[in-house]
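Peer 1: Before anything else, here's the structure in question.
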Amino acid sequence: MSLKEKTQSLFANAFGYPATHTIQAPGRVNLIGEHTDYNDGFVLPCAIDYQTVISCAPRDDRKVRVMAADYENQLDEFSLDAPIVAHESYQWANYVRGVVKHLQLRNNNFGGVDMVISGNVPQGAGLSSSASLEVAVGTVLQQLYHLPLDGAQIALNGQEAENQFVGCNCGIMDQLISALGKKDHALLIDCRSLGTKAVSMPKGVAVVIINSNFKRTLVGSEYNTRREQCETGARFFQQPALRDVTIEEFNAVAHELDPIVAKRVRHILTENARTVEAASALEQGDLKRMGELMAESHASMRDDFEITVPQIDTLVEIVKAVIGDKGGVRMTGGGFGGCIVALIPEELVPAVQQAVAEQYEAKTGIKETFYVCKPSQGAGQC
């Protein structure tokens, strides 16, 4: 049963009438451009064919009822006329409440709604299950009440909800690609202007995501430390963000910086340049160059930004040994575990899967999870 059928059926059973709309918003994987988003830089993600799906209908009062199919059909209910505060026990409900609360601040021309939510974006894997939920909820209200909001505004609203209501710092990339993704394309995003450029993906190339299943523990504290180090670097150059520093400017005075901060800055500057070049390589179908850029990105994350772990490095090495210069592979996401992403000619996917199955668990004691994805369309009706 599809997520659409599942949520529609649950909706009718729970609320006693049929849903009028079903909305989806996808998860994402970032092909290249890591930790560049909060430095006002460039990222190159694509939406994937794993999504959050919401069957919904408008109400003729000011009540919001939300059922979470993936959390034992837990039900949350709140009013649009009372201050929206955090739910005491359902963390999932706070993403919904946060989106609705921040949407009221942007455009309050909407009424009540009934929703049933389900999704298949793997949680805790760094594939943006939370952003896809935020964008899905925003899109539900936009569609049901014909709100004059575009995808970028729905994305910004989701980011605000996550930062301010849920209390988790994040850049804009995850929500933006979920809202604006394009089938068979990646999206080059300028995280300062929020300008986007669709970049066509080469035919016959699979987007493979492999979850190391290494439990991330440091991700919150270390993420914040990296942000602070980047801000320290920007202040040293008297610039609002590292986006505004050139590699030549950095090289001239790198020796004056704290050595750790210098390494962090070097990663951001070189990663930004790699990301812009990667968009061109993909457009030209130059998988060899794309693979080189992904390898450089991984080395930079490992050695300069220091956000990889041995399990992730092992996975990358296993995949690289199979694909050689016919594709690319690197860690993706915040770091300290999580996933790797690989662009692999479709005919090599079985060999990669076999090599990983034979070697990764033997070397690390952990069993991986393997996803073959398609670059997919952003949020909308399904």
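Just so you know, glycine gets a Cβ as well, placed from its N, Cα and C.
The active site, proton acceptor feature in Swiss-Prot is assigned to ASP174. According to Swiss-Prot, the feature substrate binding site maps to GLU34, HIS35, THR36, ASP37, TYR223. Per Swiss-Prot, ATP binding site is recorded for GLY124, ALA125, GLY126, LEU127, SER128, SER129, SER130, and the stated evidence type is sequence analysis. Among the features that Swiss-Prot reports, Mg(2+) binding site is placed at SER130, GLU162. The site 'Transition state stabilizer' annotation in Swiss-Prot covers ARG28.
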Peer 1: Using a 10 Å cut-off on Cβ-Cβ distances across all protein chains shown, tell me which of the recorded positions (ARG28, HIS35) has the largest neighbour count.
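Peer 2: The most densely surrounded of these recorded positions is ARG28.
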Peer 1: Looking only at SER128, SER129, which of these binding-site residues has the biggest number of Cβ atoms within 10 Å around its Cβ?
Peer 2: SER128
Peer 1: Quick check on the recorded positions GLU34, ASP37, GLU162, ASP174: which one has the highest count of other Cβ atoms within 10 Å of its Cβ?
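Peer 2: Result of the Cβ crowding comparison: ASP174.
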Peer 1: In the structure shown, which of the binding-site residues ALA125, LEU127 has the fewest Cβ neighbours within 10 Å?
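Peer 2: Minimum Cβ neighbour count within 10 Å, taken over the binding-site residues ALA125, LEU127, occurs at ALA125.
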Peer 1: Near the Cβ of GLY124 (ATP binding site), how many other Cβ atoms are there if near means within 10 Å?
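Peer 2: Total other Cβ atoms inside 10 Å, all chains included: 13.
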Peer 1: Determine, using Cα-Cα distances only, which of these recorded positions is closest to THR36 (substrate binding site): ARG28, GLY124, GLY126, SER130, ASP174.
Peer 2: ASP174
Peer 1: Using Cα coordinates, what distance in whole Å links ASP37 (substrate binding site) and SER128 (ATP binding site)?
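Peer 2: Their Cα atoms are separated by 14 Å.
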Peer 1: Please tell me which one of the binding-site residues listed here (GLY126, SER129, SER130, GLU162) sits closest to TYR223 (substrate binding site), measuring Cα to Cα?
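Peer 2: Comparing Cα positions, the candidate nearest TYR223 (substrate binding site) turns out to be GLY126.
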Peer 1: Could you find out if DSSP has ARG28 (site 'Transition state stabilizer') as helix, strand or coil?
Peer 2: strand
Peer 1: Among the recorded positions ARG28, GLU34, HIS35, GLU162, ASP174, whose Cα is within 10 A of the Cα of SER130 (ATP binding site)?
Peer 2: GLU162, ASP174
Peer 1: For the binding-site residues THR36, SER130, which one has its C-beta crowded by the most other C-beta atoms within 10 angstroms?
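Peer 2: Per the Cβ count, the most surrounded site is THR36.
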Peer 1: Counting every protein chain present, what is the number of Cβ atoms, excluding its own, within 10 Å of the Cβ of GLY126 (ATP binding site)?
Peer 2: 26
Peer 1: Taking the centroid of the Cβ atoms of GLY124, ALA125, GLY126, LEU127, SER128, SER129, SER130 as the ATP site, which other residues of that chain lie with their Cβ within 8 Å of it, listed in sequence order?
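Peer 2: Neighbours within 8 Å of the Cβ centroid, excluding GLY124, ALA125, GLY126, LEU127, SER128, SER129, SER130: GLY27, VAL121, PRO122, GLN123, GLY333.
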Peer 1: Count the Cβ atoms, other than its own, that fall within 10 Å of the Cβ of TYR223 (substrate binding site), considering every protein chain shown.
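Peer 2: TYR223 (substrate binding site) is surrounded by 19 other Cβ atoms within 10 Å.
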Peer 1: Around the substrate site formed by GLU34, HIS35, THR36, ASP37, TYR223, list the extra residues of the same chain whose Cβ is within 8 Å of the site's Cβ centroid.
Peer 2: GLY33, TYR38, ASN39, VAL43, GLY171, ARG226, ILE268, GLY334
